[in-house]
């Protein structure tokens, strides 16, 4: 018997992956959680039926959330990750020796628990002494902390379910206030083929709050359309003014110093969405 | 009743698209041909079960085959397309006013015939007086023509079935000889997630023949992994030395002068394949 997992990325289009083994299916307090071992992409974390990450392609998303912002800020010491309970973004942040403290706030402790158990190559730095893990509402954490972080990264699920408030203008305002005077934030902002409206709306909202707003992209095979966007809002530093020759070599599989700026050069139809 | 088309992009992973209407299914002399109207991507040309192009995302592939080479060569007048019977690459070539003659050689006349009938937005320039369409073996055309073309574009299917010889070293040698002294060729070379070996093999072969070899990428949602690569071999002109400020504006949806160089900045794992 062959078992296949199918994600409808839109009501009329999807991806399908042959399953080797289903490791977890559980209804947490917040969402449906599954961990599936697929033949093509290895172990896969699925929340509410949507692929969050896979062992084969996770490096793209996690590197591209973390490094562009951390190499734009000249001296990031205190970093916050909202969501991201699988620990992949934390693992990339920890590669930056100057970061003294990385705080992870995920609303769903089960994501953290099962990631540690079944996705150890992703969750491997969650117990690092420079990391503080809080099972908590990221929105509330943002509201309760002012002028505290150098960089804030929003590693959320889609804007349905528990992550919906993380795509509201009020949340970006909260992030602005939680950042120090020269802080930077970055959020995953879905794909331009099926969610152009979302990218436009986030771009408009963030531009009303942050003086510097930039959008970049990366290829993630298991995410809808294979092209994912990230929106960066910055109070002072422009990622396009970084001298790429000054970016130190770190161990990556997707991000490179040359890609730091090239990732911001968007296809015309995407550029048109955010100009 | 819901009908869905599923392409197994690998034996254990695929995409699936809801069908509005099946317009053509035919066994030609060379391959299984289908034209399906899908809800997400509109009309879709399928050869041997693999998506060749869709009305929604075709612009990416066709622009990115045509424009990087045509804006690297300073004065391309005679252009050859091997394969590409749907006419999408020809449509993009015709946007370059300096091109006097674009020759299309596709082995399968049925692809041309059905594309004209069902994909008119793609095939729209096949009857342009600057275009010459030949239903013929592209490999033979290359062997029989020496020192003739400024730019040759290989718009082939996958290296199985009729297109298999188009991925052989001998074919690239033939292309070298069919090009003028300052000629450029470009070929689609599949994706780095599932076909890394192919990209490496083509890269090695082309480097033995052409002094300048460059690989670039583009995001195509309906192609495996969403990240497609193109390999360019050039006798004289380097696409990375083009002054992007000198690239004229043309009507595109993906390609931009800024993207001309940025498309060549590859993710690290892809860069490692071709260095």
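Using N, Cα and C of the backbone, Cβ positions are placed for all residues, glycine too.
Bear in mind that the values here come from a model prediction, so they are computed numbers and not experimental data.
If you look up TrEMBL, you'll see A:155 marked as active site, proton acceptor. Over all protein chains present, the Cβ of residue A:155 (active site, proton acceptor) has 28 other Cβ atoms lying within 10 Å. Following the DSSP three-state reduction, the secondary structure of residue A:155 (active site, proton acceptor) is strand.
If you look up TrEMBL, you'll see A:31, A:106, A:137, A:138, A:162 marked as S-methyl-5'-thioadenosine binding site. All protein chains included, residue A:162 (S-methyl-5'-thioadenosine binding site) registers 21 other Cβ atoms within 10 Å of its own Cβ.
Summarising the annotation, TrEMBL assigns spermidine binding site to A:62, A:86, A:155, A:156, A:157, A:158.
The feature domain 'PABS' is assigned by TrEMBL to A:2-235.
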Reduced DSSP assignment, residue A:86 (spermidine binding site): coil
Annotated S-methyl-5'-thioadenosine contacts A:31, A:106, A:137, A:138, A:162, maximal Cα-Cα distance (Å, integer): 16
Whole-number Å value for how far residue A:31 (S-methyl-5'-thioadenosine binding site) lies from residue A:156 (spermidine binding site) (Cα to Cα): 13
Whole-number Å value for how far residue A:137 (S-methyl-5'-thioadenosine binding site) lies from residue A:86 (spermidine binding site) (Cα to Cα): 16
Cα separation, residue A:137 (S-methyl-5'-thioadenosine binding site) to residue A:157 (spermidine binding site) (Å, whole number): 14
Pairwise CA distance, residue A:155 (active site, proton acceptor) versus residue A:137 (S-methyl-5'-thioadenosine binding site), rounded so that it is a whole Å: 13
For residue A:137 (S-methyl-5'-thioadenosine binding site): DSSP state (helix, strand, coil): coil
Distance, residue A:137 (S-methyl-5'-thioadenosine binding site) to residue A:158 (spermidine binding site) (CA atoms, angstrom): 16
